[in-house]
């Protein structure tokens, strides 16, 4: 248990990071175990509110896979995945939109407001924030990718002292609704906002050299090394869209992308405000 001296030391270590990142935008992709465990959820909410209180400009992009699967099961629809992406036919798309926009997003808004923040929930449709296009791969249905980002709505919310909570549902130019991978949305939004950092909360310690060995964490790598890991299939499955979105956002100018373990309490604060950090950092 921390004593008073330990707490002072922690705050002292955090001070230069607070000073350095004041006024900077940090995009956080929130998903996985940190959404399912109520204790972890509470720490993430507190971390985001803390970030806002000390002068950072957090933007939270959320998934909702477990909640979507729960409602698909209730409605007798079998969840299917292909290459880490949810196969989304028309009935599944209806459930995805209902769950992400109507349930998960508004719950997060409520929790952040209760914790002392001022959250506003939006999806890609709002303010023409995101325009979607088909992902293009056969057999995955209404799975989209980001065609364009109009970040003005998010800028307005941040300038007004709010914490934007973004769900990854958007429409194309004709109004067709698409489910976009939340990691992808977080990466494209981070680039459009010229964010200081992109942070992805996952269910692993980060990028592992051997996915069976939690101690084989790769602490730091650059874009070239990340691409080599994908080609060598060290990065596979659901980690592919995570690493790919980091690469894309770095190529568009953000300073650093982090893949961290959302199962660790206060993982966000450990990454941003400590010397050692946590997880894997990817740089240009």
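Each Cβ is built from the backbone N, Cα and C atoms, and glycine gets one as well.
Annotated features, as they stand in Swiss-Prot:
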SITE      29  site 'Transition state stabilizer'
BINDING   64, 65, 86, 179  substrate binding site
SITE      242  site 'Transition state stabilizer'
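Taking the features listed in Swiss-Prot, we show where each one sits on the structure.
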residue: 29; record: site 'Transition state stabilizer'; Cβ contacts under 8 Å, 6 or more apart: 61, 62, 63, 182, 183, 185, 186, 198, 199, 200, 201
residue: 64; record: substrate binding site; Cβ contacts under 8 Å, 6 or more apart: 31, 35, 99, 100, 103, 104, 167, 182
residue: 65; record: substrate binding site; Cβ contacts under 8 Å, 6 or more apart: 31, 32, 86
residue: 179; record: substrate binding site; Cβ contacts under 8 Å, 6 or more apart: 86, 88, 92, 93, 96, 97, 142, 143, 144, 168, 169
residue: 242; record: site 'Transition state stabilizer'; Cβ contacts under 8 Å, 6 or more apart: 183, 200, 202, 259
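Other than 64, 65, 86, 179, the residues of this chain whose Cβ falls within 8 Å of the Cβ centroid of the substrate site are, in sequence order, 63, 68, 88, 96, 99, 100, 168, 182.
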